[in-house]
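Okay, so here's the structure we're looking at.
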Amino acid sequence: MCLQVEQVRLLDRFSNKSTNGTLYLTATHLIFVESSSNNLTSTSHSLVGNISKLSLTTTGCPLVIQCRNFRVVHFVVQRERDCHDIYSSLLRLLRPVSYEELYAFSYNPKQNDQQREEGWQLIDLGAEFERMGVPCDQWQLTDVNRDYKVCETYPRDLYVPITASKPIIVGSSKFRSKGRFPVLTYFYQEKKAAVCRCSQPLSGFSARCLEDESMLQAISKANHNSRFVYVMDTRPKLNALANRAAGKGYENEDNYSNIRFQFVGIENIHVMRTSLQKLLEVIGTRSLSMGDYLEGLESSGWLRHIKAIVDAAIFLAKAVTVEGASVLVHCSDGWDRTAQVCSLGALLMDPYYRTIKGFMVLIEKDWISFGHKFADRCDQLDGDPKEVSPIFTQFLECVWQLSEQFPQAFEFSEWFLLQIHEHVHSCQYGNFLGNNQRQREELQLRERTHSLWAYLLSEKQNYLNPFYSPAYCEAHPVLEPSTLPYHFKFWRNMYHQFDRSMHPRQSILKTILTLRENSHKRFCTLIELLCLLTLVLLFFQRLHQLGVTPLTTSDPPAHPPTRDQRTNSNSLPPRPDSLILGAPVNHKDVQGQDDEDEQDEVGEEAVESTDMERTVEGSSGTESRKQSYGELEGTYNNELAKEEPAVVSLEFGVARMTC
Amino acid sequence: MEFAELIKTPRVDGVVLHRPFLPTVEGTLCLTGHHLILSSRQDNTEELWLLHSNIDSIEKRFVGSLGSIIVKCKDLRVIQLDIPGMEECLNIASSIEALSTLDSVSLMYPFFYRPMFEVIEDGWNSFLPEDAFKDLESMTDEWRLSEVNKDFSVCPSYPPLVAVPKDIDDETLRKVATFRHGGRFPVLSYYHKKNGMVMMRAGQPLTGTNGRRCKEDEKLINATLRPGKRGYIIDTRTINVAQQAKARGGGIESEANYPQWRRIHKAIERSNVLQESLIKLVEACNDQSHNMDRWLSKLEASNWQTHVKEILTTACLAAQCIDREGASVLVHGTEGTDTTLQVTSLAQIILDPSCRTIRGFQGLVEREWLQAGHPFQQRCAQSAYSNSKPRQEAPVFLLFLDCVWQILRQFPCSFEFSESYLVLLFEHAYASQFGTFLGNSAAERAKLSLPEKTVSLWSWVNRHQEIERLTNPLFEANSLVIWPSVAPQSLLLWEGVFLRWNRSSKCLDEAYEEMVHIIEYNKELQNKVNSLRRQLAQLETEDPLLQTP
C-alpha cells in the first residue's frame, strides 16, 4: 500500500519559510520529497506521536504531525480529500495492535542470519557481571527465576547474596510489588559494596515479612565495609505514604535491622509526562519571548526533575564509593525511577559505562533486562496513554547534562544519545520492543529482528567524542558533578533537533571530528610518502650498484640515459610523479577544503546548509565519511603510529621492489 | 604624597586569602597607592595583585579579634581576606574604601603605570580616523572627512574628524548639530561594500512639541539615499517613549518631513534598568542555595537575557535592512551614545568579516565606542556589587560583549578571537592599568592627554604573546554575512563572565587544551606531508631518470 500526494507544502515551524514537494505514505514510513532539491525526509510510523488536522485555509488543508523524536512537521495539502486520506491512513497505521506489525519485523538491512545473530551476541550481561567481579565469595547467580516463575518482569539470571536461600528469595518476592525482590545490579569491587534494586514492599500500615527482612540482612552481611544498608526510596515521601493505604508502602526502620532509610523525591511517570508536555508546548511557541521561555522552563519543572534524578544518583554513588555502603534502590514498581537512579549512579562510579560499548551494556542491564516497560512508556502499541512517559529520555538527558560538565569523561558525543533516543522510538530494531525479557523471548526478537547495538557499533566513528580522554577517566574514575541549578541547561539539540534555525550555524564538535579525520588521512599520506621516498632512494641505490647513475643529486648525468636504463626505469611499478600528484589523500585534502567552504556558506544561507549538517549528525552522512577512508584504513592502527615510520616504509619499499 | 595619607596600615602579616575553587593562601598583605597585594613569600605560589579600582565594594565581619574583609570586584570575583587584629582590619578596610573610590581621574593607575613590555606599536595611533577613511575612500567617493568638530565645539562627544556625505558642507553640519541631541549630527558608521549601502548614527532630532524641522538635517540624510530608494530610521525606543521625549525637546523624524524614510521603533532598555538587571543577575548567579525553580525565576526576573535578545534582534534588523533590503539605515535612540552604538557595532559584526578579527574588533571598539563617545567612565564606574546609588552606571558595553559572545557561540569558527578576548575587554573597561577606557569622550581624552601620559590597551594586546593567547584555534576566515538565531532557546547565559568565579573550570579548560592539541597535531601533520612532497618533487626534477620517458 502506498499513498502519494503531490503539491504538498512543508512549513517551517518557526519561520514563514515553506518547501513544496510530494508526500508518500508507505506501510512503514511517511516520506516527503522536496521537489526543488529531491531532499528526502522520512519518518517511521512508530515515531509519529500525534497527528491533527487543522481547519481548512485558503491555501489548503493543514496537517500537523508531532513525532516522538521531537520533530514537528506541518504540511499543507491542497485538496481536503487527500488530506483526509493521509490523516485516516496514518491513524490506522500509527499504533498497531500487535508487535508483529512493528517496523522491526519487516526491517531488513541485507544481513544474513549469522550476522544478525552476531549482532545480538554483542552484549553479554553474564560477562558484564563477571567484569564487576560477580559471582564472588559473597554474591552468586541464582536460577530461581530461570522460568520467570518468581518474577516475570525480571530477567532469567539474577545475582543475590550467597546467604539468601531460595525460601528467602521466594518469600521476599511475595512481599514485593510485582514480585520484584531485591537483586544485585552493580557491584563496586573496590569496596565490595553492592547496588541492589527492587520494588516497594507490600507493607501497608503494619505488615512485615521475615524473609524480606532476612533478604536485606543478607545484603548487609555481604558487605563487610559497612554495618548498614542504605534503602533509597526514590519517591517523594507523600507518594510513599499514599501507597500505604493500598497495602504497599516503604520499609519500616524498626522492622529491618541495619538499614538507613532515605526518600529522594523523584516524581512519578504522570508528573514527568505532563512536565514534558508543558515544556514542548512552551518551546513550540512561535516568536517566543525570553521571559515566557524562562518562565515556561521553570513552570514545566522539567529541569527540576532532571536535577532530582542526578541528585539521587550522586547520593547513591557517594554512599557506595565514599562510605563503602551497599544501597538498595526502589520506587513503586522498581522499573522507572529505580532504573534511572541505578544506571546513572553506576555511570558516575564506573568509567566503563561512559564508553560506547559500556553505555550499551548499561542500558541493556538496567533498562532492558530489568524490565523498564519500553512498550508502554514509548507507546509502541495502541495502549493506555497514561502509561506513556519520558523516563528513558530523562535518563539520556541526565547523561547529556553530565557530559556538559565533564567533556572529557565520555567516549561518546551527544549524537550517540540522540541516535539511541531516535531508535528507542522508531521500533526499527528489536532491542526495545516489549516490556520485559520474557515477552521478548516470546516474540522471538533475536530470531526475527535486528539489534540496534550492532548497527551503532558499525557506525562508531560517528559517535565518538573527540575530547574523550581515557587518561582523564583513569585519574577521575568517579565523577562528582555539581548540581547547582545553573549547571542544568536546556538540551536544545534534543528538543529542537529538527529545528535547524535554532542551532549554532557552525558546530565545534563537527569541526573537530573533521579535523581528527583529516589528521588520520594525513598520517596515512605521510606513511605513503615515506614509503615512496624510500622506494625512490632504493631505486637510486640499485642504479648506483649497477654502476649506471651516480646517486648524487648535485651532479646530474651528462649524457642521456641508454635504452637499457630506460627499460629499467619503465619496469618500476609506481611512477613517482603520478603518485605524488595524484595521491588519493591529496585529493581528499581538496575535498576537505570543499567541506570547509561549504561550512562557510552557512553564514549566508544558514538554513539550507545546516540542513546538510544535521543530516550528517543523524546518520546518512556516514557513508561518504566511510568511503573517504579508502583502502589505507586497514593498515592504520595505533601501534603503527608508535613505530618508527622508516622501518615501515622500508618494508613497504622492499615489497614493491620485489614484485 | 596623597596616597600615603589614605593608607593607615600598609602591611599586615598572617593574612589568609580565600578564593572559590582555589586553595587558601596565607601571607603578607600590602597596600600600595593602587594595589592590594597578598604574597605568601614562597616560590611557586601565586601572588594576588588587585587594582583598587577593580574593587566594587567591601564588607567587614568580625569573629572575636579575627576580622574578615570580603572584597567584591568589578570583574564579579568575590574574595575573602582574614586579617588578625581588629584595628588592622578596620584600617585596611577603610584604606581600601578610600583608595577604590578616588574621584580624580588623574590619580588613576594608568597615569602611574609604566609598561614592563616593549611597546612595538603604539596603540594610541593604531586606529586613527584618517586611516579608516582611507579604506573608505578606496571604495567610494561619496563621503568626505570633515574637520568641523576639530575643537569639539560642534559636538562635544564626537571625535575631531567625522565622515559625512560629500555634498554637505561644514556650515550645514553646524546647523544640523543644533537640531540633534548633544550636537550629534548624523555621521557615517558603516559602509557596506557589497551594495554601497550605509549605516549612520545620530542623536534624536530636537523637534520638541511644536514639531520643529530642520531642512539641513533632511538634506543631510537624504544625501545618503540613491535616487528612488528609501531608507530606514531605526529608533531604539518604543514609539511611546519617543513621543514622550518631545516634551523634553527631543522627538522623532516625522513622516511628513522625511517621506523617503521609514521609521521602525525597537525597544532597547537603557541606563538604570540595565544596571538593576546586572545586579539582579549577579545576585542570582552567586546565591548557591537556590533550587531549580528559584534560580530560573531569578534569572528571568533579572531580565538580562531579555536585553540580550532585544539588542541582537535590533542589530539583526539593521543588518537586514542594509544587506537584504539594500537600503541605507540611520540609527538613533535618545543621546545616541548607548543603545545606538550597541546596534551599529553589532550590525557590523554580522555584516563585516573584518570586524571578526582581533585587530578588526579593536578597530570597531575604537570607532563605534571610544571615538563615538560612549561615556565609559560614567557607565563603568560601578559594577554589580556597589552599595552606592547608581548615577549614570549601566552595563551597556558588557551587554554588547555578551551579544558578541552569543554570535561567537553560534559561529565558533568565524571569529579570529576567542571568548577570553571579550572577557579581557570587559575587565579592562571596568578597571585597567591602561588608559584606553578612561574618560567619556574623545574631547576628555584629549584634555587628559591620555596618549601622552598613559599606555594604550592595544599596545599590550597587539603583541605576539597576547594575540596568541586570544586567538581562536578554530578560526577559518568566513567572508560572509553571519545571521545569528535570536530565539530564546539559542541564547545562553554567558557563563564565562557570570559564572566564572562560581564554578570550577578545570574540566572545561582541559577539554579546550585537548581541542587545541588536536588542531595543532593536524597542522603539524600537514606540514610534514607538504615537506615530504616537496622533497620527492625535488628528487624527481633533479634526476632525469625518473622523468616520464
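Here the Cβ of each residue, glycine as well, is placed from N, Cα and C on the backbone.
TrEMBL annotations: computationally assigned, not manually curated.
TrEMBL lists A:Cys331 with the feature active site, phosphocysteine intermediate. What TrEMBL lists as substrate binding site is A:Asn268, A:Ile269, A:Cys331, A:Ser332, A:Asp333, A:Gly334, A:Trp335, A:Asp336, A:Arg337. According to TrEMBL, the compositional bias 'Acidic residues' annotation covers A:592-610. Per TrEMBL, domain 'Myotubularin phosphatase' is recorded for A:119-495. Among the features that TrEMBL reports, region 'Disordered' is placed at A:549-632.
Annotated features taken from TrEMBL, shown on the structure.
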| residue | record | Cβ within 10 Å |
| --- | --- | --- |
| A:Asn268 | substrate binding site | 16 |
| A:Cys331 | active site, phosphocysteine intermediate | 27 |
| A:Asp333 | substrate binding site | 20 |
| A:Trp335 | substrate binding site | 26 |
| A:Arg337 | substrate binding site | 29 |
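Put simply, the residue listed as 'active site, phosphocysteine intermediate' is 9 Å from A:Asn268 (substrate binding site) when counted between their Cα atoms.
Residue pair A:Cys331 (active site, phosphocysteine intermediate) / A:Arg337 (substrate binding site) shows a Cα separation of 6 Å. Taking the centroid of the Cβ atoms of A:Asn268, A:Ile269, A:Cys331, A:Ser332, A:Asp333, A:Gly334, A:Trp335, A:Asp336, A:Arg337 as the substrate site, the other same-chain residues with Cβ within 8 Å of it are A:Ser199, A:Thr234, A:Arg235, A:Thr338. Reduced to three states, the DSSP call for A:Arg337 (substrate binding site) is helix. Averaged over the domain 'Myotubularin phosphatase' (A:119-495), the predicted model reaches a pLDDT of 96. Between the two most distant C-alpha atoms of the annotated substrate binders (A:Asn268, A:Ile269, A:Cys331, A:Ser332, A:Asp333, A:Gly334, A:Trp335, A:Asp336, A:Arg337) there are 12 Å.
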